[in-house]
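**Student:** Copied straight from TrEMBL:
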REGION    18-38  region 'Disordered'
TRANSMEM  84-104  transmembrane segment
TRANSMEM  110-135  transmembrane segment
TRANSMEM  156-176  transmembrane segment
TRANSMEM  198-217  transmembrane segment
TRANSMEM  224-244  transmembrane segment
TRANSMEM  256-273  transmembrane segment
TRANSMEM  347-366  transmembrane segment
TRANSMEM  387-406  transmembrane segment
TRANSMEM  473-493  transmembrane segment
TRANSMEM  513-532  transmembrane segment
Amino acid sequence: MRGADRIDTQEKQLLNHTADKEQRPLPGRSNHAGNQSQPEKKLQEAICVLLVELCERFTFFGIVCNMILFCTVKLGYRNYQAAIVNMCFVGTSMLTPVLVGWLAECLVGRIKLVCICMFLHFLGTALLPVVAFPFEDIYIDRRHILHTLTKREQKIVFYFALLTASLGIGGIRAIVCPLSAYNLEDCGPKELLSFFNWFYWLINLNSAVVFVSISYIQQSVVRNLGFLIPFVSVLMAMITIHMVRGEMIYKPKTDSSLLTTFGIIASALKMCYVRYRYFSGGVTNWLDHAKENYGGQYSETQVESTKSLARLFPLFAFQILYRTCIMQIPSGYYLQTMNSNLNFSGFVLPVAAMNVISIVPLLILVPILECINSYLFSSKDTGHSPTIYIVVGQLSAALSVMVAGFSEIHRKHFPQVEQTLSEEVLLVSSMPCFHLAPQYILLGVAEALVTPSCSLLSFRLVPERIRGISMHFLTLFNGAGCFMGAFFVQTAHAGTQGNWFPHLLHEGKLERFFFFLASLMMVNTLGFWTIAHRYNNLNQEYTNELRGNLPEEKLLKHEKTIKHYDSVLEGSPVLSPKEKT
């Protein structure tokens, strides 16, 4: 019995260590005993993180909103080249938070890295006005003008500025404003969906302000000096971070990492090949090959967490083409709007202001969806899943691109007129730009339904220790969708000699590109509909089922069983004292 007592003591020590680890306050969140109470400090942290998030999004949308117009008019790019540059910048800005998060976790300290990223963001947004500034309008005297950059120098500075800005954006999103900073671990499905709905609602409200104000300034008021506005916005973000740097720099738990997840997948694939080639062994899941029990080098806890994440890979994969459709707003739809009549009662509308039409449905639908979700989650069926929202949203995206194709045919039936944009005279269709509103509205409906629902599934259907990694994977696949959109544009232009993505829209067949993309999106929607049942169960039992396979949870259950058995032995009148010992 001494061996059994020793084992019981070791189990209790491990349980106490696990409990202490779970109850230990997170690093980087020191419990200062200042004048503020704990709720006030948490409120201050949440407000500061949200302010930095909004400032970062303000700079991001300020760069993106008129990039195509800037590239075509100022840098002399073709339409397809400007669209590719815009989509690649958006995709890079989505991928850099994953890269910076890995650097902060493995190589560089978080405080040092956030300072580097803030400097890169500052440098990028400060260099953009250098490219955009109208040097040719500034004279030193009557004979000499201020030295102007050549086209080649402008492009080099422009790309360097975009790269440094995207790296800075990655640092802010990954270190200062990670999703884990909002303390969502104890939230249920209803609270999580509500959080994601209102979180994206605020972001889109911010983008609506940017698209209306900055796009008008960049296009009409002070010509190219509008790029100075993102520079001012990043100054606000730096001041906010400086004011509360001790509370805002959040350090998440280090139970798992993105590198570990990739290592488990690589190890499992390697062991699968070895066992298939030389042995014949049976395992329930191919990722089990990475476990130490089967010749791998990873613990059961790590592998089981990765298995729960792997169940979401089909969900992530079906978001790639959806994100490609969403990227038509700053690319294909933007070109359609730029080549339509923007005059409204003598006032020239900014091209990017049409993006607000896609944001309005989201701002309206979120409160309505909140009411619907309150009713659905208040019922006894707490396992309600928002997969139906994703199916309807993807269908709406497919219809939007299809409507864009018909709108392009309709647009070319109108006679051409001259229109001045950024002091450049362009030949455009006389069709009012508001005829393009339906395609913007349908994409806005799609975003209101799909993005919060995917975030909920990615966050909810994995154990707590890898929720940050799950959101990283969702970001990776969204970024892949942006690059796939750029690949489609390049392929369509090269494969059709510029006919499907022309520089002069009235001389090409842009509608064929839209119809091709809409057909792919319809197939994508049907594909996701066939697997949507895998993500229908959001209740706590499903989460516990994933967690119940982990050793720590098994040990907790084992301890409860031992305590129950001891209590039965002590309370039993049948056993003698000798038998109890």
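Positions of Cβ are set from backbone N, Cα and C atoms, glycine also.
Keep in mind the model is a prediction, meaning the values are calculated, not measured.
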**Student:** Out of 156-176, 347-366, 473-493, which stretch has the largest tally of CB pairs under 8 angstroms to the transmembrane segment (513-532)?
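**Tutor:** Per the Cβ count, the answer is 473-493.
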**Student:** Report the listed stretch (84-104, 347-366, 473-493) having the maximum count of Cβ pairs within less than 8 Å of the transmembrane segment (156-176).
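**Tutor:** Against the transmembrane segment (156-176), the leading stretch is 84-104.
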**Student:** Please give the sequence-distant neighbours of the transmembrane segment (347-366): residues at least 6 beyond its ends with Cβ less than 8 Å from one of its Cβ atoms.
**Tutor:** 65-66, 69, 197-198, 200-201, 204-205, 207-208, 211-212, 214-216, 218-220, 329-330, 333-334, 337-338, 419-421, 433, 436-437, 440-441, 443-445, 447-449
